[in-house]
């Protein structure tokens, strides 16, 4: 998502648009991102975090596959894309941005703030911000080089990463909708995987030294 937002004008020029149309397309994708964030704010507490993550993850995966297949068949060395194909890709990218903007974008900040108990919340959020900004910088530096070398394959790579991310949500992320921070530890305690790493209160009392 960051690579698309950072390099949207260059990406659309690569698809055969002029500089003016590329800038307009870039503004359009940014507007879709803002609209999608408002949708997320209005509906995420009704449908839940996992539902937004998984539904949008499926959409984003399909959109990246569609872009990759279209470019693989229609985008060759020195060839210009037909305008119809170019606009089709713009629509697909806008839909991708809209799916991201109502799910992984805002919820990537919301959900971590809900997952950590009060004792570790500050440290946990600090790590979230650090990792997020680190990978944002790496993607900004590597995207153009990857696009030149992998061509349409870069979108297959993105699709693979989206599949991994969505699988992580499906199997390992508990639903945090309307769960008080004081009760977050119960999510981990009752989860099929994470409960192996969460101690019961009784076990903690047993381990406390007696005087």
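Keep in mind that glycine also has a Cβ here, set from the backbone N, Cα and C atoms.
According to TrEMBL, the feature domain 'Major facilitator superfamily (MFS) profile' maps to 1-177.
Residues or ranges marked as transmembrane segment by TrEMBL: 20-44 (among others).
What TrEMBL records for 51-73 (among others) is transmembrane segment. Nonlocal intrachain contacts for the transmembrane segment (51-73), taken as residues 6+ away from its ends with a CB within less than 8 angstroms of a stretch CB, comprise 40, 43-44, 85, 88-89, 92-93, 95-96, 99-100, 102-104, 107, 151-153, 155-156, 158-159, 162-163, 165-166, 169-170, 173.
Look at TrEMBL and you will find 85-105 (among others) tagged as transmembrane segment.
Annotated transmembrane segment per TrEMBL: 126-146 (among others), in sequence order.
The transmembrane segment annotation in TrEMBL covers 152-173 (among others). Long-range contacts of the transmembrane segment (152-173) within its own chain (CB-CB distance under 8 A, at least 6 residues past either end) are made by residues 49-50, 53-54, 57-58, 60-61, 64-65, 67-69, 71-72, 75, 104, 111, 143, 146, 191, 193-194.
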Do any residues of this chain, six or more beyond the ends of the transmembrane segment (85-105), have a C-beta under 8 angstroms from a C-beta of it, and if so which? 1, 4-5, 11-12, 15-17, 25, 28-29, 32-37, 39-40, 43-44, 52-53, 55-57, 59-60, 63-64, 66-67, 70-71, 74, 165
